[in-house]
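Chemist: My structure is below; once you've seen it, I'll send some questions.
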Amino acid sequence: MGLVSRGTAAAGLGPARAAVRPRPPDAVPNLISTPPPEGAAPGSSRIPSMVLKAFFPTCCASADSGLLVGRWVPEQSSAVVLAVVHFPFIPIQVKELLAQVQQASRVGVAVLGTWCHRRQEPEESLGHFLEGLGAIFSHEPWLQLCRERGSKFWSCKATRRQVPTCPATSGEDQVMLVFYDQRKVLLSQLHPPAALPDRQAGDATASAVGLAAVFDTVARSEALFRSDRFDEGPVRLSHWQSEGVEASILVELAKWAAGPICLLLTCLLSLVSAASACRMFKLWPLSFVWSKLSTCEQLRHRLEQLTLVFSTQKAKNPTQLMRKANMLVSVLLDVALGLVLLSWLHRKDRIGQLADALIPVADHVAEELQHLLQWLMGAPAGLKMNRALDQVLGRFFLYHIHLWIGYIHLMSPFIECILWHVGLSACLGLTVALSILSDIIALLTFHIYCFYVYGARLYCLKIYGLSSLWRLFRGKKWNVLRQRVDSCSYDLDQLFIGTLLFTILVFLLPTTALYYLVFTLLRLLVVTVQGLIHLLVDLVNSLPLYSLGLRLCRPYRLAAGVKFRVLEHEAGSPLLLLMQINPLSYSRVVHTYRLPSCGCHPKHSWGSLCRKLFFGELIYPWRQRGDKQD
């Protein structure tokens, strides 16, 4: 098979015939064939042909005449044009190129038809030439797209060589031409539609499948886009990279250096992981402390993220690649903010100023707690308290405050050194510094936590004691084995002892409840401060910054769907549509690409929190192993 060029048109391959334009549609053609109108005779009406959708890249609208290369999707009756092969070419070389692309991309790429851009060629000779190409490259249906010289008029035709089964059926199909930006479709990632009502679910699923076929075809055909007009190959193509492959020296250098750097960092991270998994750190005191400190949980979380980011394994899908990019940007931003904090702390000796102000603040807090306890030991708000129990509890808590003040003054010479090392740890990231700050707050308020535990345990003991004695009065008891309340008969001595204990607990409950209420409020204040710090840490850890940056700068990269704009819809011309990408909303970007947080602190609902506060159950600043999160 010899060389095919524009000069072969003079030889007259096939009979001369002018381009046939399709019938002008009265409206936008439906995707399903329309039946004949009711009441018409069976032989008097002509069955309309099927409407085919031809997706044509906008970058090829000004290309020279040639062959249309793409993929035919029979389920959607769609033809996705990927490139235009220019003259001159050898047909066997075109077929070899398509076979190589099919082997590399696993996409059924074929010659779909011909493309005619009438600039300088005579119309009759060009028609002779294009008619003969259908015999060399056979495809059903065979598309013939033509753009008139010096105008925006397009002619589209889809012919079938097979004899139609029904005599009334036309051998030509109507074509709906859809223009799309090939570069944007290639770089974008189509997301499935959100949840819709049942009546719209079927239509949404069908349209999503059709769009996914178009996006998948363009995305997997990168092997076809590697050649440009500067290549000296046997086949010249027109596509979105025809003017030259986009490249950058910095990007190429980064690609070359990424492999060795990732391998080196992977080895270092594996050594750190092996050191952290040492048996010495799994002993009981150390394992308990490491599991409760926010700093250790944050460092473990960052170590897992860095291990995944610098892994030498290639991302399997775009979602995993986006996750790695989000993690890398999150780590870089975290370290940058930590360095800014480090420079601010070491400027003008702010660490020394914080160390000098910490001791007076701790003394002031201890003094205020002493005044609060002295107020509780009197007649708080005019309430009549049990004086004996009030004095015992007040002196017990005052002694703890005295021990705490001595501990703070004992640690005062080392506070500046501790704060200096804490500030130096900000180079690991802002989240590490905030986690250390949360642990320091927990240590500085440890006496408040002890007060809260004492009051909560005493209050909880009395509440459960009163509930058990109340069941005794009603002739009930709690069955531990069956986990339910059963009937039970009590004798007179049991009822007498139960009445005495119930009376004592009822009269001591107000004093205990008041101490529990005060120290619970102080504990909730500390937990609120720590919660705000954890919220900021989770925000830096889980916010998909790379995805949000793509949504802001290149919204077409995150596609939620497409919309079609009518370019031309006139009698005598095909329907021309422009496919535009609808980007994801910012809320859906955050919901889709949000990174997992470290999850070291509990998450209670308001109902669970109120129930625990009412029954005196402890609110831990960390997540318990057996807790069921609401």
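Yeah, the Cβs are placed from backbone N, Cα and C, and that goes for glycine too.
Unlike curated entries, TrEMBL annotations are predicted automatically.
In case it helps, TrEMBL gives these features for our protein:
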type     : residues : note
REGION   : 14-44    : region 'Disordered'
TRANSMEM : 256-278  : transmembrane segment
TRANSMEM : 325-345  : transmembrane segment
TRANSMEM : 392-410  : transmembrane segment
TRANSMEM : 422-445  : transmembrane segment
TRANSMEM : 451-473  : transmembrane segment
TRANSMEM : 494-518  : transmembrane segment
TRANSMEM : 524-548  : transmembrane segment
Chemist: With CB pairs under 8 Å as the measure, which of the listed stretches 325-345, 392-410, 422-445, 451-473, 494-518 comes out on top against the transmembrane segment (524-548)?
Modeler: 422-445
Chemist: Sort out the residues at least 6 away from either end of the transmembrane segment (494-518), same chain, that have Cβ-Cβ distances under 8 Å to it, and list them.
Modeler: 372, 376, 380, 383, 385-386, 389-390, 393, 397, 455-456, 458-459, 462, 465-466, 469-470, 472-473, 616
Chemist: What stretch in 392-410, 422-445, 451-473 has the biggest tally of Cβ pairs under 8 Å against the transmembrane segment (325-345)?
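Modeler: By Cβ pairs under 8 Å, 422-445 leads among 392-410, 422-445, 451-473.
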Chemist: Would you kindly list the residues that approach the transmembrane segment (392-410) from elsewhere in its chain, counting only those six or more residues past its ends and only Cβ-Cβ distances under 8 Å?
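Modeler: Sequence-remote neighbours of the transmembrane segment (392-410) are 359, 362-363, 366, 369-370, 373-374, 376-377, 446-447, 450-451, 454, 511-512, 515.
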